Structure formats: structure tokens, C-alpha cells
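Asks: One structure coming up, written as C-alpha cells, with questions to follow.
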Amino acid sequence: MPIATINPATGETVKTFTAATDDEVDAAIARAHRRFADYRQTSFAQRARWANATADLLEAEADQAAAMMTLEMGKTLAAAKAEALKCAKGFRYYAENAEALLADEPADAAKVGASAAYGRYQPLGVILAVMPWNFPLWQAVRFAAPALMAGNVGLLKHASNVPQCALYLADVIARGGFPDGCFQTLLVSSGAVEAILRDPRVAAATLTGSEPAGQSVGAIAGNEIKPTVLELGGSDPFIVMPSADLDAAVSTAVTGRVQNNGQSCIAAKRFIVHADIYDDFVDKFVARMAALRVGDPTDPDTDVGPLATEQGRNEVAKQVEDAAAAGAVIRCGGKRLDRPGWFYPPTVITDISKDMALYTEEVFGPVASVFRAANIDEAVEIANATTFGLGSNAWTRDETEQRRFIDDIVAGQVFINGMTVSYPELPFGGVKRSGYGRELSAHGIREFCNIKTVWIA
């Protein structure tokens, strides 16, 4: 079955690609497996030179990469360029820090009856990455940069609607100097993942995607006893308390909700506002959301572009329609736009009761649900009333309230007076059904290593 690039702003097919055959996939795995034998022996200094050269190319080609991303999945050009530059930063971070992050960890040898004892980090081998379309370069680089700097080799199975981004990443890594076979893109369907992951030459996997996709890959990896990192969905809370800077909170709330056209696992989705400031927040928030310009993502004046897929747009529309039918109030937006492409307007919904699906579920589009909380206890209760636990945000100047949110929100991340963002320097991941394992920081690179205990008499 062909793999197509479809412009979500028009719905038109731009380019089609032929999927890899079983023999081509087998050859790619064999090439990676052979390459690992010598690549793992390369020095950190050599890998760092290749990583920095890759970063140089990403920076030099940021405009071209941005245009490609925008064409394939609809994010605005500004957001796409920022993503390309962030990828360069990710490669540079691991180029600079990998050797220190993976240094031997000495133990007190005398206490274990040895002359020397330590833990040594060693690469796992061939790693399969199953990546989504919403951040087509950054999500893959969050895997590629640490995995390669640790001495592993990678196979990328990207979402089928972003083939050009997937091929570009393998190309830019090769042009950066990494040897042939270190990083390969496989243009295959999701149905091919199981056979690849079960192949004994593949040592581990990482997946960013939906909960069902994570369950599938997690089950296969569990059966094969292969280490896996899963970063799945999120229904992130954004709490606003009376002591917060309200205007700053509203501004950040808008950005947090519509970033990437609302299609981010760490986008703020459920806005939980203290009753004392609820009306003021809603008025300001609705006004700002309604004023956003929806349009051509290549237009620099556009704030919100199309959703990446027609199915995604239809799912968002149905979630809003179901909420309205159940009694929720649509404060702005809420209707499909009569134009080509897969656009959906910024939408704010209030009066959501606990029995509505929207109370807990994730909406992957520019739709904000706003909840009223009588006190901090109720704010925390609503924040945790979801099966997900990826990111979270809380706005308050009160240090006691800040500590409460840090301690009691069940999530992999909490941002106080800001919005959840991924940084190379900070661990990224979730709890509950948002997955397990961590990306980025020291934790992310160590996920791709075996720590070997060394004891010398």
C-alpha cells in the first residue's frame, strides 16, 4: 500500500512513496546489526563530532525543514522552524554531555570486598523507534540523539503521514557523518512493527503515540523481554489560583492549548480555575481564543493551522458535539469550518459535569475545557481525575499552594507559573496510562543502555 503525503490545509495528495518490502526491512535490520558491532567501539569524541555536524545542518536547513513539516502535517511555519532548531539543540546537548552522563559510577570497593567496583553503561544495540506525526522531527530526535551518542544504532518507523520528514531525518544524520547503517528510516505500515520488534537482532524499542499503540508495542516487547520506553497520551491540567497573575495565566493558557494546532500530548487541555476568579478568567480566555486567526499555515499571520488528519478533525468535532448534546456550554468555536482542509476553530467549553466524557478524556485539537474549583482540594481532585499523567501546570504565587501542587498532582511533570515544555536538560515522561520510562536528560540516554556491574578482586 502506498504511503502518501497529504497537505492537511487542502486535503490534496502531494506525493506518494512505495512502502518497504519484507526483504528490504530484513536487509535494513541486518545492516544495522552489522554496523553496531563496530559503531559501539567509536569514541564519544567522534560521535560528538558527527552529532554537532548534524546540528549544523539542521540549523542551516531550518527553513526548508519547516516548509516540509508544514506541508505534511499543518503546523505553522514559525512553529515548524522552531522545531527544527530545537532538534539541533538536542543533538548539541548530547554531543556535549553524553560522555559525562554515561561515565562509570564508582562504588565503595572495600564494602563489597573488591579492589575496584563500579557500574558501566553500555549500549543495547539495534533500537526500534515508533514515532508519531505531531512533532515529526523533534520526537524522533529525542530518540536518535541520545541513542546514537550512547553507541546504539536506530531504526525509525514513523507515522505514515509524515514520510518526507522521516526520510529527511535519516538523510541529515547520514550527511552529518554518522556511518551507513547507524540510523535508517523504514517506510512501513504499523502492521510491520511486530515482526521488526520480534526480530532477535533488535534489542529494544521506544514509542511515542496513542495508548492503543503503546499497549500493542508494550505487549510485544514484554513477550520478547525487551526494554521499552512508552510516551503516550496526556490530558494535562492547567490550574489557576486567585494569587496568580491572571493576564499572564490567560496568555499562557491560550498558547498552551493551541500549540501545534492543539495536537500535543503535553498541551494544556483541562483548565481548572478557582471560583473567585473563574468568571474573569473565562471572559479573558474566551476573548483571546476567539480572536485567534485560523488559516493557511504558511501565512505568517496564521495562529492556528489545520489538524493533521481528516480522522483527527472528525474525532475532535464529535467530542465537542457530544459534550454540547450532554449539556456543556460552547463559549466560542465549536463548529467545523466551511473550507477545504481539516481545520477546526479554537473552542472553549464550560459547564462540564463529571458524567461527561470530556471530564477525563484527551482532546487532540484546539479545544479547551474549563472547570470551576471551589478550593485547592477540588482543583487537585479534578486535575487527577484522568487515567493519564503526563504534564501539568499550576499558576499561583502562594508557595504553600505551589508545594501542594508539586506533591499531589499525579504526573510526570509539573510546571509552576508556566506551561509544560520539553527541554533536553529535563527528564520527560509520564505515569499512569501516559506510559513509562523517560526521554531526554541523563535519564533518557540511560534508557538506551545496560548498566553492567563490574567487580574486581
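Here, residue 1 is simply the first one shown, and the rest follow in order.
Every residue gets a Cβ built from N, Cα and C, even glycine.
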Asks: Besides Trp133, Asn134, Lys157, His158, Ala159, Ser160, Gly209, Ser210, Leu232, which of Glu12, Glu361, Glu362, Glu378 does Swiss-Prot list for that NADP(+) site?
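Replies: Between Glu12, Glu361, Glu362, Glu378, Swiss-Prot records just one in the NADP(+) site with Trp133, Asn134, Lys157, His158, Ala159, Ser160, Gly209, Ser210, Leu232, namely Glu362.
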Asks: Quick one: Cα separation, Trp133 (NADP(+) binding site) versus Glu231 (active site, proton acceptor), in Å?
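Replies: Counting only the Cα atoms, the answer is 14 Å.
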Asks: For Lys157 (NADP(+) binding site) and Cys265 (active site, nucleophile), what Cα-Cα distance in Å is obtained after rounding to a whole number?
Replies: 19
Asks: Please give the maximum pairwise Cα distance, in Å and rounded to a whole number, for the NADP(+)-binding set Trp133, Asn134, Lys157, His158, Ala159, Ser160, Gly209, Ser210, Leu232, Glu362.
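Replies: Site span for NADP(+), by Cα atoms: 24 Å.
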Asks: Which one of the recorded positions (Trp133, Gly209, Glu231, Leu232) has its C-beta surrounded by the most other C-beta atoms within 10 angstroms?
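Replies: That would be Glu231, with the most Cβ atoms nearby.
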Asks: Which secondary structure state does DSSP assign to Glu231 (active site, proton acceptor), in the simple three-class scheme?
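Replies: Where Glu231 (active site, proton acceptor) sits, the three-state DSSP reduction gives strand.
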